[in-house]
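**Q** Okay, these came from TrEMBL:
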type	residues	note
ACT_SITE	Asp32	active site, nucleophile
ACT_SITE	Asp34	active site, proton donor
BINDING	Asp32, Asp34, Asp203	Mg(2+) binding site
BINDING	Asp43, Asp123	substrate binding site
Amino acid sequence: MKRCCEGVGLPCLFKGVGMASPRPPKYLLVFDFDETIINENSDDSIIRAAPGQVLPEHIRQTFREGFYNEYMQRVLAYMGDQGVKMGDFKTVYENIPLSPCMPDLFQFLSKNHELFEIILISDANMFGIECSLRAAGFYSLFRKIFSNPSGFDKKGYFTLGPYHSHKCLDCPANMCKRKILTEYLAERAQEEVEFERVFYVGDGANDFCPSVTLTSADVAFPRKGYPMHRMTQEMEKQQPGAFKATVVPWESATEVARYLQEVLKKKC
């Protein structure tokens, strides 16, 4: 199980039949994208491709809380009208900086890939995430990516859609990460893959929603000082013990890597 994996190329990690480890991975590691893997909100970042790198006031005034996906559809339509093309967006996504020490964490995970199944759940969009992760060299580390569908239409406009519909009152209309994670765990269980522990790395309020479902065996890694962190602290104040998972706040991804290293050491 713990054979040396130096020299194993990332592209072959999760290719399915014939490439799988002798045993299923022990741990599920879930990442958010914006302000977690990358150090910015990618929806804000792409405004750098707009004329003058600003949006007109009449567009910005259309934002409604809980309907950010719809707002971004209008933003992208405006940028298309202004002649912003796929290559312009791609360049921005490829140059968004990763969060502090995130490459080090990913290198650690690639060397221990047999133990971790890694997925990404993000309210950004598939095109942007793929551009960013491919540029950084870590796209193939992820078994599955859940994000809003996106692409380019016949006019060359960047289009965006909602991921799904749901009944959660705490999440934006287009995505509930709790629903996605719950369904993923159920699907993997049907495939006879069950995890000893789930690790969740995030920052936002929409990351708090799925983290509430974690068990006492699991670990939530909220980015220090961000909404997910504040909400876990608030829940602990109001309902001590209600948040079951161990909480490990982080400022640098090194702190996440260090914790995971300790978990593996205890298993030796």
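Here the Cβ of each residue, glycine as well, is placed from N, Cα and C on the backbone.
It should be emphasised that the depicted structure is a prediction, and the values quoted were computed from it without experimental measurement.
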**Q** Near the Mg(2+) site, what residues other than Asp32, Asp34, Asp203 in the same chain have a C-beta no further than 8 Å from the centroid of the listed C-beta atoms?
**A** Phe33, Glu35, Thr36, Ile37, Ser122, Gly202, Gly204, Asp207, Arg223, Tyr226
**Q** If you measure Asp123 (substrate binding site) to Asp203 (Mg(2+) binding site) at Cα, how many Å is it?
**A** 12
**Q** Between the binding-site residues Asp43, Asp123, Asp203, where is the Cβ count within 10 Å the lowest?
**A** Asp43
**Q** Can you grab the distance from Asp43 (substrate binding site) over to Asp203 (Mg(2+) binding site)? Cα atoms, rounded to a whole Å.
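**A** Between the alpha carbons of Asp43 (substrate binding site) and Asp203 (Mg(2+) binding site) there are 15 Å.
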**Q** Taking the Cβ of Asp34 (active site, proton donor) as centre, how many other Cβ atoms lie within 10 Å?
**A** 23
**Q** Give the distance between the Cα atoms of the residue listed as 'active site, nucleophile' and Asp203 (Mg(2+) binding site), rounded to the nearest whole Å.
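**A** Here the two Cα atoms lie 7 Å apart.
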**Q** Once the chains shown are all counted, how many other Cβ atoms turn up within 10 Å of the Cβ of Asp32 (active site, nucleophile)?
**A** 26
**Q** Whole-number Å distance between the CA of the residue listed as 'active site, proton donor' and the CA of Asp203 (Mg(2+) binding site)?
**A** 8
